[in-house]
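Structure, as structure tokens:
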Ligand code: IPD
Ligand code: CA
Ligand code: CA
């Protein structure tokens, strides 16, 4: 497993170099389902790069990836879950605040996850048998912090609509932060910078954080308290397990 984990760290950094080397050139932007659901040639090319490297080294392994509807079930065999650019809108508009994400499962069991904040050159990785680190520095397990000394990460619309009581919960904290990227937001939760992250996201958006978070005392649940399905877009919360009961007083 160690070789595979090292391989994953190499290819995610390579993919980051690839994006950086291309991002100042012409970028072709397409709408997927609606005007704010965008994909670029670099999302697709980065995914192709990752898949070709994985298939080259591990031809028997399978892929579940965002672009081109590549959807091998996560609980069958060895599966790499890929989000080639998380925060595509940030990437297009800001040229910043986006991540590459990889998660690796064997028979449905998460073995390791990686979130690479490309422009900050910060690689969060670990989970399973590996300690969770940022650029090699171990992250501590969740340490208790009261709501009134915390910030909350959330999807902007869900906050504005007070969806399931998210705004009520936010009012107990020092405020909300909206970063426009699930990966960067969930990495901040694991770094102790956010109390939690609330959003409406897909398996490739949460798989890496799910694996790493488990190791550090965080849980990923739907807003009605069920495990995520690794199959569809769901409204989720990524929070410290120790805060679940307290959070449930506000999240209905
Ligand atoms: C999106 C981002 C965004 C979240 C969306 C995701 P993408 O991923 O993580 O923050 O609100 O739901 O789909 O499309 O940029 O990979
Ligand atoms: Ca994403
Ligand atoms: Ca993406």
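Cβ atoms are placed via backbone N, Cα and C, with glycine included.
Since this is a predicted model, take the numbers as computed values, not measurements.
Taken from TrEMBL, the feature Mg(2+) binding site covers 66, 83, 85, 86, 205. Around the Cβ of residue 83 (Mg(2+) binding site), a 10 Å sphere holds 32 further Cβ atoms from the protein chains shown.
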Enumerate the residues of the same chain, 66, 83, 85, 86, 205 excluded, that satisfy the criterion Cβ within 8 A of the mean position of the Cβ atoms of the recorded Mg(2+) site; list them in sequence order. 43, 82, 84, 87, 88, 99, 100, 101, 182, 183, 202, 204
Residue, out of the binding-site residues 66, 86, 205, whose Cβ gathers the largest set of other Cβ atoms within 10 Å: 86
Under 8 Å by Cβ from residue 85 (Mg(2+) binding site), same chain, sequence gap 6 or more: 19, 40, 42, 43, 46, 91, 98, 99, 100
